[in-house]
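Notes follow the structure.
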Amino acid sequence: MLTFQKLASVTHGDVLQFVQQHPVIHLLTDSRKLSQPAGTVFFAVTGKYNDGHNYLAALYKQGVRQFIVEKAQDRRGFDYSKLYPEANLLLVKDSLLALQQLAAWHRAQFKIPVIGITGSNGKTIVKEWLAQLLSPDELVVKSPRSYNSQLGVPLSVWQLNSNHTLGIFEAGISLPGEMEKLQPIIQPTIGIFTNIGTAHDEGFTSRQQKVQEKLKLFKDADVLIYCTDYELLHEQVRKQKIKSFTWSRHQEADITITATTTAGHKTIVVYTYRGEKQRLALPFTDEASVENALHCLAVLLYREVPFAEIQDRLDKLHPVAMRLEMKEAINGCYLIDDTYNNDLAGLAIALDLLANQPQRGKRTIILSDLLESGLSEDALYSQVALLISNRDVDKVIGIGPTISQHQLEFSGIAEFYHNTADFLEQFNPDDFRNELILVKGARVFEFERIVHAFQQKVHGTVLEVNLDALVHNLNFYRSKLAPDTKLMVMVKAFAYGSGSFEVANLLQFHRVDYLAVAYADEGVMLRENGITLPVMVMNPSPDSFAKLRQHNLEPEIYSLELLQQYIKDLPDTTTRHRIHLKLDTGMHRLGFTPEDFDALFPLLQQHPQIQVVSTFTHLAGADEALHNDFSQLQISNFRTMAEEVETRLNYKVIKHVLNSAGIVRFPEHQLDMVRLGIGLYGVEATGSEQEALKPASTLKTTVSQVKTIVKGETVGYSRKGIADEDKTIATIAIGYADGYDRRFSNGAGQVIINGKRCPIIGNVCMDMCMVDVTGLQVKAGDEAIVFGPKLTLTDMATRIGTIPYELLTNVSSRVKRIFFSE
Ligand SMILES: *Cc1c(COP(=O)(O)O)cnc(C)c1O
C-alpha cells in the first residue's frame with residue numbers, strides 16, 4: 001500500500017498533519033469530479049482562473065481525508081490542520097508538480113513497454129487506433145480522449161495497473177520546458193512523432209525549437225517511429241542520434257512507401273520493407289487518416305506482427321469520433337462537428353474530410369477566427385482562403401472579429417459575423433437545406449451552441465444519456481461502500497440500453513473494479529473498444545470459451561456440466577484461467593447448490609490452472625421490503641457456502657451478493673464486492689433513496705403532424721381512439737418498433753410536450769403513435785419527451801405493469817444514442 005509518508009517522500013513534501021493511513025486510489029484536481037472520498041487524494045492546484053485551496057472545506061465535508069496543499073493556512077490565516085483535524089495534510093511547493101512526481105513514481109513501478117506519442121496532429125487518433133490494433137495481443141492502458149496536458153498525462157498514467165501489458169499515452173505541449181515534465185511520467189520505450197504543423201507555434205521561438213522540445217519526450221526511448229519526410233524533424237533526430245524506425249514516401253527509410261492510390265473507399269498502399277514489396281488496403285481515403293494509419297503500420301512492423309495479420313487488423317479499424325463527429329441536422333443537412341480546435345493544420349484535415357464525403361448537395365463551412373497559427377494575420381487568412389477555395393466549398397460563414405476584417409480575401413458566397421451570438425441571432429434554419437456543413441471553431445467561440453441550433457429540430461427519436469448523471473449515481477453508490485469494497489458494474493444488455501461501450505469507457509475512467517456482461521459477444525465488443533477492466537461473462541456458452549480466453553474475459557460457471565465443458569476446452573498449458581462460481585441460494589435460476597460441492601471441488605483441484613476469482617449469489621427480492629427475511633436467509637446461506645468454497649479451495653476469493661437494491665438495503669453485507677446495475681442508470685430500486693439519484697436517460701421524439709378532429713371521429717388502428725369531443729391530435733415519431741410498448745395505448749401512456757403531460761390516444765403503431773394535445777399550443781417539430789427526469793421510468797413502468805429495467809432495455813437499437821456531459 002502507498003502510505004502517506006511514501007507520498008511525502010515521492011513529492012518531497014512536508015507532512016503538516018498525519019492522522020491515519022488511507023488508501024491512495026483516486027487523484028483528484030477538480031473537486032466536481034469527486035467519486036470515492038475514502039480513497040481520494042486531493043491536489044490543491046493553483047491555476048490562472050482557479051485555486052484548488054478554495055475547495056478544501058467542501059471536500060473535507062464530503063469525506064476526503066488526504067490533501068496536498070501549497071500553503072498551511074487559508075486566506076483568513078487559519079491553520080488547515082485546525083480546520084481539518086481528521087485530514088492528512090502534505091505541504092508542497094507546487095501541487096501540480098507533486099501530482100506529476102507521484103505519477104512518475106507510479107510509472108516507474110511497471111516494467112512494461114509504453115508507447116509515447118507526440119506531434120501536432122493525429123496523436124489521439126494514432127493512440128486510439130494503436131490500442132485497437134494491438135489489443136489482440138496486449139492489455140492496453142491509454143490516455144482517455146486527448147488527455148495529453150500537464151494535468152492530463154499524470155491522470156492518464158495513474159490508470160496503469162499490474163494487469164496492463166502495454167501503455168499508450170499522448171503528450172501535447174504548448175511551451176518550452178513542458179516536455180521535460182511529461183517525459184518521466186510517460187517514460188516511453190517506443191516513441192511516435194506524428195508530424196509537425198502550426199499548432200502552438202506561438203509558444204516557441206521557432207519551429208525548430210518546437211521540434212527539439214517535443215523530442216525530449218524520447219530521451220530514454222528504445223526507438224522513435226516517424227516519417228522522415230518531415231525534414232526539420234528528420235534533421236533533428238539525426239543530429240541527436242536518436243535510434244529510429246522510419247517510413248517515407250520519398251527517400252530511404254525502414255519502410256518505403258512506393259505508391260498510394262485511391263480505389264473507391266479504400267487507399268491502396270504499396271511499400272517495401274526488408275527488401276520485400278507488400279501491398280495494403282486502408283479503409284479510408286483522406287490524407288490525414290492515411291498518414292495516421294502509416295504510423296500504425298510502422299508500429300505493427302516494428303513489433304513484428306505478421307503481414308497477413310496486419311491487413312486483417314487494419315480492416316477492422318473504425319474512425320475515432322471524438323474530434324470530428326458527423327451528425328444529422330435540420331432540413332436534410334449533415335454537420336461535421338469539429339468544435340475542437342482551430343489551427344491551420346486542423347482546418348486542412350477537416351476540409352479534407354469535408355471534401356471526401358459522398359456528395360450531399362452544397363458544402364458550407366462555418367469558421368471562427370484561427371488562433372495559434374504563429375503567422376501574421378494577413379498571411380494566415382490568405383492561406384485560409386486559399387485552402388477553402390481549393391476544396392469546393394460553396395459557402396463560407398466567418399465568425400469573429402479578425403476573420404471579418406479579412407473578408408475580402410474570400411471569394412464566392414461568404415458572410416461574416418462579429419461573434420457567435422450575432423450569428424445565432426440572425427440564424428434562420430430555412431437558409432440551410434441538404435447541405436454538408438463543417439462547423440469548425442476555436443474553443444473560445446463556443447461553436448457547440450451553433451451545433452445545438454442545427455440539431456434542435458432533428459426529426460426522429462433519440463435516447464440522450466447524461467454522462468454526468470451516471471457519474472453522480474456511481475458516486476452515490478460508492479459513498480455507501482466501505483473503502484476496500486470492490487465495485488462491479490453490470491453493463492449487460494447494452495448497458496441497460498444506454499450504450500455499452502460509452503458507459504464502460506466512463507466506468508473505466510472512474511476506475512470501477514469489474515464489469516459484467518451477459519454474453520461473450522458483449523465482452524468482445526468491450527475489448528475491441530479498448531476496455532481493459534476485468535469482465536465477467538454471466539451466460540457463457542460452451543462454444544464461446546475460446547473467444548473468452550482470447551479476449552481475457554472471465555466466465556461465470558454455474559453448473560457441473562458447464563465446468564466439465566469448460567475443462568474439456570482448456571488448452572494444454574499452465575496459463576491461469578479465471579472463473580467465477582455462481583451459487584444458488586434461493587433465486588433458483590443459475591448456480592451450484594451445496595449438493596454439487598462434493599463433485600465440484602475435486603474437479604477444480606484436478607485443474608489447478610483454473611483460478612476461482614470470485615464466488616457470488618443473487619438476491620431474488622432485494623428491492624422489496626416484503627422479502628427482507630428471505631434476503632437475509634439467502635445472505636446467510638451464501639456466507640456459509642462461500643466460506644466452504646474458500647476452505648475447500650484453500651485460498652481466498654472475492655465474495656459478493658448485493659445488487660443495486662441490496663447496496664441500499666443491506667449495507668452490512670457488502671462483503672468483498674457489490675454488483676451495481678439499474679442504480680447507475682438512475683433508478684433506485686428500493687424507492688427509498690430515489691431523490692439522491694439522477695435519471696440518466698431521456699427518450700425523446702418529435703411531433704410529425706398536428707390535426708384537429710371532430711367529436712365521434714376515431715384515431716389509429718382498430719379505431720380504438722374515440723374522440724368524445726372535438727380534439728387536437730399530435731402524431732409523434734415513436735412506435736413499438738422503437739421500443740415504445742404497445743401497452744401504452746389508449747391513455748395508459750403519457751408524453752410531455754412543451755412542459756405538459758399529454759395522453760396517448762388510440763393504439764401505439766409500429767413507428768408512431770398519436771397524442772391528445774387538445775387545448776395546447778403544439779406544432780410539428782416540437783419535442784415530445786417519452787421518459788426522462790420529469791416523467792420517470794418507474795412511473796411509466798408502473799402504468800403498464802412492468803419494471804423500469806424492461807422499458808430501458810427495450811429502447812430499440814435503431815434509436816440513436818446521444819451522450820452528453822454538461
Ligand atoms: C443484473 C444483475 C445485477 C444487477 O442488478 P440490479 O438490480 O440492476 O442492480 C446483479 N447481479 C446479477 C447476477 C445480475 O444479473
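Just so it is clear, glycine is given a Cβ too, placed from its N, Cα and C backbone atoms.
If you check TrEMBL, you get these features:
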type: ACT_SITE; residues: K492; note: active site, proton acceptor
type: ACT_SITE; residues: Y717; note: active site, proton acceptor
type: BINDING; residues: R589, M766; note: substrate binding site
type: DOMAIN; residues: 696-820; note: domain 'Alanine racemase C-terminal'
type: MOD_RES; residues: K492; note: N6-(pyridoxal phosphate)lysine
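For K492 (active site, proton acceptor), the same-chain residues that are 6 or more apart in sequence and have a Cβ closer than 8 Å to its Cβ are A516, V517, A518, E522, M538.
The domain 'Alanine racemase C-terminal' (696-820): residue composition by secondary structure is 23 helix, 49 strand, 53 coil, according to DSSP. Spatially close to M766 (substrate binding site) yet at least six residues away along the chain are G735, Y736, A737, judged by Cβ distances under 8 angstroms.
Cα separation, R589 (substrate binding site) to Y717 (active site, proton acceptor), rounded: 40 Å. The local packing around Y717 (active site, proton acceptor), expressed as other Cβ atoms within 10 Å of its Cβ over all shown chains, amounts to 13. The Cβ of R589 (substrate binding site) has 10 other Cβ atoms within 10 Å, all protein chains considered.
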